[in-house]
Structures are given as structure tokens and as C-alpha cells.
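What Swiss-Prot lists as region 'Disordered' is 1-25, 74-104. The topological domain 'Extracellular' feature in Swiss-Prot is assigned to 1-154, 257-334, 402-411, 491-517, 561-578, 661-698. As annotated by Swiss-Prot, topological domain 'Cytoplasmic' applies to 176-235, 356-380, 433-469, 600-639. Per Swiss-Prot, transmembrane segment is recorded for 155-175, 236-256, 335-355, 381-401, 412-432, 470-490, 518-538, 540-560, 579-599, 640-660.
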Amino acid sequence: MEESPREAWAQFPAWSSSRKARTGPSLASVLNDLPSAATLRYRGPGVLPWGTLDENDDEGRSLQAFAETAQMESQPSRELPWPMQARRAHRKSQAREQVASGSESRAAYWTQQLSRTKGKMKEGFQTIQPWAWTLKKIGGQFGAGTESYFSLLRFLLFLNLGASVIEVCMKLIPTWLEGAPPGPPGPNISSPCGSYIPHTQGLVTFPTQLFNLLSGEGYLEWSPLFYGFYPPRSNLAITYLCSVFAIGLIYLLFILHRSVSGLKETLLAESDVLTSYSHRVFSAWNFGLCGDMHVRLRQRIILYELQVDLEEAAVRRRATEQTLGQRVKVWSMRALLNLLVLALLGAAFYGIYWATEYTVTLQETPVVQQTPLLKLLVNYLPSIFISVFNFVLPPAFTFIASLEGYTHSRQIVLILLRTVFLRLASLVFLLFSLWNQITCGGNMEAEECKACGYNYKEIPCWETRLGQEMYKLVLFDLLMGLLVTLLIQFPRKILCGLCPGALGRLSGTLEFQVPDEVLGLIYAQTVVWVGSFFCPLLPLINTAKFLILFWLKKITLFSIYSPASRTFRASTANFFFPLVLLVGLAISAVPVLYSIFLIPPSKLCGPFQGKLSIWAQIPESIESLPQTAQNFLYFLGTQAFTVPLLIVSSILMMYTVALANCYGRLISELKRQIETEVQNKVFLAQRAVALSSRNGVS
């Protein structure tokens with residue numbers, strides 16, 4: 001026969017004897033003196049009011065009251081402050097009552113089952129994720145910041161893999177399903193917009209072959225790699241254009257999901273109400289770990305997190321102790337350093353603009369035309385300038401941020417902001433220079449652009465030219481990473497290990513610079529977003545590049561780098577990195593949408609030949625649909641649809657804001673209750689010390 005919760009309580013005489021052996025003030029008087037008693041008299045349903053118990057009350061009656069009270073509560077049995085046997089009896093009693101009364105509805109049952117299934121699927125997905133053990137090992141040895149870099153790299157790798165599948169299904173396959181695409185235009189084909197003759201050489205020398213491979217010219221210029229290869233077919237034009245919006249939407253949704261999940265961790269980590277130290281000490285350990293290696297890795301992760309908290313607390317304490325004169329000195333230093341940062345950025349942008357503007361002029365000189373290596377260098381001149389500035393300025397930004405007196409997490413954010421501005425703005429300046437060449441500086445009445453709407457004399461297929469520039473940026477970024485690793489980092493590590501003296505100290509210890517590495521990923525991904533419309537296979541190339549980069553960085557991390565002397569919060573990485581990715585996605589959308597809606601497509605290449613704009617293909621395709629489908633699609637663009645949609649969206653937004661405000665007030669109330677509970681514990685500890693001292697004296 002099963003025992004009741006009351007009988008289970010009766011098996012623990014220590015709970016009863018402790019009350020009888022207690023001396024001093026009664027429990028009711030102590031509870032009434034608690035700080036929370038002055039503001040929180042009503043404790044909610046199911047909790048006995050304070051002051052109702054007395055020491056002379058019948059013991060069984062009080063235990064029965066507590067048991068009956070707990071049975072009325074809806075909280076799970078594991079949350080009750082009871083012995084284990086009493087909680088088991090209480091859980092069985094609740095189960096019998098639920099079966100007898102049928103209080104658990106079918107909807108609640110399926111909701112519970114769905115939540116359990118979702119949790120199990122999430123755990124299983126995390127278990128089968130590629131390189132999960134590698135990331136865990138990196139986090140344990142080098143900290144959460146370094147782990148976040150590899151996590152972001154894995155995330156971008158799979159996004160590019162998905163985009164590559166969509167590109168192949170919506171561009172390559174439709175091209176070959178409707179027949180073999182035509183060859184390149186011949187020299188006899190001309191139009192009012194000139195002629196376009198891709199240089200598809202046959203047998204060439206090895207230097208020329210290498211030049212074509214690295215520049216995207218020659219046999220690659222008329223290949224599925226670039227926009228100009230795809231023939232002007234209506235079905236292909238629709239799938240080509242729709243793939244751009246489909247891939248962009250997928251990127252946006254996945255990055256937003258990652259940003260929101262990181263925002264929750266950031267808000268919790270940055271909260272000052274809950275002490276980070278107690279959270280790390282009491283709830284950070286995973287009791288399901290098996291094996292010494294897993295235990296040591298978890299210990300290192302907790303150690304790094306505590307180290308970050310202690311470092312930032314020390315910096316904040318020093319900041320609060322500063323005098324007015326010291327604060328003025330600090331702010332003056334920060335102003336001067338920011339002026340220096342602006343000067344460095346201005347010099348970098350001017351160099352990139354100069355390199356892009358004069359590349360065409362230098363390519364036409366006889367010396368460059370006769371020397372293949374010099375021609376390759378001139379062709380890569382904008383990419384070289386961008387890579388040099390991206391290699392030199394981030395360490396300078398790191399040094400400048402260390403002089404500004406911020407916490408390490410704030411320094412990471414500043415370095416990220418400055419570096420992302422450098423990398424993305426340099427790409428913007430490159431695109432602006434190319435736009436200036438394509439559209440004659442925006443002057444459509446100029447002689448070169450008046451006939452066709454673009455500079456057809458210098459750039460007969462401007463989409464392929466843009467794709468080639470993005471292709472060269474992706475390749476050069478990969479080559480720079482390989483060269484820096486093989487020619488700088490490995491020799492530096494060997495020199496540091498073989499020369500323990502002054503020369504070894506001069507070479508220094510290599511530490512993994514997370515901000516610079518992350519911004520390199522975001523810059524590379526932004527280049528791919530810009531160029532994927534003009535170079536459809538660029539996501540596939542970037543997938544292979546990220547795969548090579550993952551293994552290269554993993555090998556160099558464990559063989560060259562040492563754990564960072566200063567770390568930063570994982571919450572900063574989990575939220576800020578996807579946020580910068582969103583900025584890169586927004587920046588990349590501007591040139592792509594501008595090309596689709598405003599610049600006339602090339603007249604001699606690509607699937608949109610002869611159109612006033614690339615977007616003009618959509619209305620023409622709609623007109624070929626049945627009348628019912630046309631009416632429905634045109635209705636989506638009228639005010640009869642957009643105005644109700646705007647009203648419904650506004651109502652949903654207001655509801656979301658109101659719900660967020662309610663949750664905010666609830667969170668504030670819970671925080672106040674936590675503070676009150678802390679005061680209660682302090683008060684009880686003080687009373688216990690006072691009573692112990694009094695009993696010792698007596």
C-alpha cells in the first residue's frame with residue numbers, strides 16, 4: 001500500500017526534533033521581522049500566512065497543513081522543498097488525482113508531448129552537428145570567443161552550401177534542360193551597342209592559363225561561372241531572378257534566427273541583477289559529463305568565463321574611482337585616438353579609389369600588355385590595396401583600442417565596428433568606382449552611355465565585369481590567408497620556439513585575434529552576396545574556400561597559437577557577429593537591387609538582353625499567365641491589399657510591443673523579489689549569528 005505525503009514526512013524525525021530543540025524567539029516572530037514581511041504580506045495561494053504557526057501547535061497538525069497546502073500547488077514535485085520520499089508520494093498522489101478527475105485535457109497532453117519531442121530533436125541535432133567535438137575542444141582550450149569564430153565559420157559554410165544547391169537547381173539545370181546554350185558571340189555580330197568578343201583562347205601558355213584562372217578571363221569568361229554565359233530565354237530569366245530573392249530571404253531568416261538566440265544570451269549576461277559569479281559556480285557545471293577530458297574542458301570553459309567577469313569588474317571598479325581630472329584626460333585621449341582612426345580610414349579609402357580608377361588606364365599601357373606578371377598585378381591592383389589595408393589597419397585598431405581604457409568586451413566591440421567599417425566601406429568604394437565606370441559617373445547623357453544606358457565601349461558586358469571583380473576578391477582573400485599562414489605565422493612560431501633569447505621575445509607569442517578573423521569572414525561573405533548575381537557559382541567557390549579555411553585555422557590554432565591572455569564574453573560574439581552579418585547583407589543588397597531596377601542590362605550577353613531593366617522581365621512574364629492569375633498578382637500591388645496589410649501589421653506590432661512591456665514589468669517584479677529574498681537570507685544569517693553568540697555566552 002502506497003504511503004501518503006503526510007506519512008512520508010513522519011519518517012523524518014529530524015524535521016520535528018529540530019523544532020523542539022530550537023531556543024530563542026519563535027519562528028513566527030522571526031518571519032514577521034523579515035524585510036519582505038513589510039511589503040509582501042500575501043504570499044499567494046497555497047502558502048500559509050506568516051505568524052499562524054506557534055511552537056506549541058500540534059506537530060502532526062502542522063505537518064498535515066503543510067502537506068495539504070503543497071498538494072494544492074500546481075508546481076512540479078521536484079520544486080517542492082521536501083525530502084525525496086515525500087516528493088515521490090506527492091507526485092503519485094497528483095497522478096492518481098489527474099487520472100480520476102480527468103483534469104488534464106487532450107490539448108495540454110499533446111502540447112506537452114510536442115515540447116518534449118522538440119527538445120529531444122534539438123538535443124539530437126546538436127549531437128550530430130559536424131565538428132561539434134572540435135568546437136567544444138576549442139572552447140575549452142582557447143575560450144568561448146575563439147569557439148564563436150569557428151561556430152560562425154561553420155554556420156556560413158552551410159549557408160553557402162545551401163545557396164549553391166539553389167543556384168545549381170535554378171540557374172544551371174534550367175540552362176541545359178532547354179538545350180545546349182549558344183556559344184560566344186562572333187566578331188561579325190555587332191549592334192548599336194558595339195560588339196562583345198570574349199577571349200576564349202584555345203591552347204595557350206601556362207602563364208596565360210594561370211592568368212585566366214586567377215582573373216576570370218579567357219576560357220572562364222564564357223563559362224557557367226559568369227552572368228554572360230546564360231542565354232536569353234524567358235523561363236531561365238525568371239528562375240535566374242527568383243533565385244536571387246529566394247537566396248536572400250533564406251540568408252535573412254537564418255541570420256535573424258541566430259541573432260535573436262544570441263540576443264537572449266547577451267541580455268542575460270549583461271544583466272546586473274543576477275550575479276554572474278553565482279551563476280557560474282552553482283549552475284554552470286554539467287553533471288552528465290563522462291571522461292577526464294570532458295571534465296577538464298568544462299573546467300577550462302568555466303575558468304575563462306570567470307576570468308572575463310573578474311577582468312571587467314576590475315576595469316569598472318577603476319573607472320568609478322577616477323577623479324574629474326582623470327576622466328577629462330581619458331576622454332581627451334579617446335577623442336584624439338578617434339581622430340587618428342578617421343585619418344587612417346580616409347587614407348585607406350582614397351588608396352582603394354585611386355587603384356580602381358587607374359586600373360583600366362594602366363592595363364592599356366604597352367609595358368603591361370607585354371608582361372603577363374605585370375598585367376596580373378595590375379588586374380589585381382584593387383584587390384591588393386584592399387587586402388593590404390585589411391591586413392595592416394586591424395592590428396593598429398587593436399593597439400588604439402587598448403589605449404582608450406574600456407573594458408575588454410567594449411574594446412572588442414570598438415575593434416569590430418572600426419574593422420567592419422574599414423572592410424565594408426572599402427568594398428563600397430570599389431563598387432562606387434565600378435559604378436562610375438559603368439554609368440559614366442551617373443550621367444546617362446554622356447557620349448559613351450547615351451546609346452545604351454551604360455558605357456558599352458569600355459565594358460560591353462558590365463555584369464560579367466562585376467562578377468570578375470568579386471571573383472578576384474574571393475580568390476585573392478584565400479591566397480592571402482594561405483600566404484600569411486605559411487610565410488609569416490609558421491616561421492614566426494618556429495623562431496619563437498628556437499630562440500628563447502631576445503630574438504624569440506621580439507617575435508612574440510601568437511594569439512588568435514578573434515575580431516580580425518571574424519571580420520575577415522563577414523567581409524568574404526559580403527563579397528559573395530554582392531557577386532552571386534553576376535557570378536552564380538561564387539557561393540560554391542566560397543563553400544570550398546570556407547572548408548579549406550576551417551581546417552587550416554584549426555591546424556594553425558592548435559599548432560601555432562597560444563590561449564589568449566585576455567578573453568571576452570561569448571554573449572558578445574553570439575549577438576554582435578550576426579548583427580554585423582546583417583549589416584553586410586544590407587550593404588550587399590544595395591548594388592544588387594540597383595542593378596536589377598535601374599541599370600539597363602547588357603545588350604550582348606546574359607538572359608536579360610534587350611530589356612529596359614532586369615526587373616522588366618517580371619511584368620512581361622505576368623502578362624503571359626492566365627487572366628485570373630494576372631488579376632491576383634496585380635491585386636497584390638494595389639492599395640486594396642497593401643492598406644489592410646499595413647493595418648494588420650500595425651495591430652500585430654502594437655500587440656507585440658504591449659506583450660513585451662508586460663513581460664518587462666513581470667521580469668522587473670521578479671528581480672525585485674530576488675533582491676528581497678537576498679535581503680531575507682542576509683537577515684536570517686545575522687539573526688542566526690546573534691542567537692549563536694547569545695547561546696555561547698549563556
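Numbering starts at 1 and runs along the chain as displayed.
For all residues, glycine too, the Cβ spot is worked out from N, Cα and C.
When Cβ-Cβ distances below 8 Å are used as the criterion, the transmembrane segment (518-538) is approached by residues 148-149, 152-153, 156, 160, 163-164, 167, 171-172, 216, 224-227, 230, 240, 244, 247-248, 251, 390, 394, 416, 419-420, 423-424, 427, 431, 463-464, 466-471, 473-474, 477, 481, 545-546, 573, 577, 580-581, 584-585, 587-589, 591-592, 595-596 of the same chain, each at least six residues removed from its ends. Below 8 angstroms of C-beta separation, residues 207-208, 211, 214-215, 429-430, 433-434, 436-437, 458, 472, 476 of the same chain, each at least six residues beyond the ends of the topological domain 'Cytoplasmic' (356-380), sit close to that stretch. In summary, the transmembrane segment (335-355) lies against the transmembrane segment (412-432): three or more C-beta pairs, each 6 or more positions apart in sequence, are under 8 Å.
A contact links the transmembrane segment (155-175) to the transmembrane segment (540-560), because at least 3 Cβ pairs that are 6 or more residues apart lie under 8 A. Secondary structure of the topological domain 'Extracellular' (402-411) per DSSP, as helix, strand and coil residue counts: 5 helix, 0 strand, 5 coil. Restricting the average to the topological domain 'Extracellular' (561-578) gives a pLDDT of 66. The DSSP breakdown of the topological domain 'Cytoplasmic' (356-380) into helical (H, G, I), extended (E, B) and coil residues amounts to 21 helix, 0 strand, 4 coil. Long-range Cβ contacts of the topological domain 'Cytoplasmic' (600-639) within its own chain (Cβ-Cβ under 8 Å, at least 6 residues beyond either end) map to 185, 189, 191-196, 227-234, 236-238, 240-241, 452-454, 456, 460-464.
In terms of DSSP secondary structure, the topological domain 'Cytoplasmic' (433-469) contains 14 helix, 0 strand, 23 coil. Sequence-distant contacts of the topological domain 'Cytoplasmic' (433-469) (same chain, at least 6 residues past either end, Cβ-Cβ under 8 Å): 192-196, 215-217, 221, 225-228, 352-353, 356-357, 360, 382, 531, 533-535, 538, 591, 594-595, 599-606. Taken residue by residue, the topological domain 'Extracellular' (661-698) breaks down under DSSP into 37 helix, 0 strand, 1 coil.
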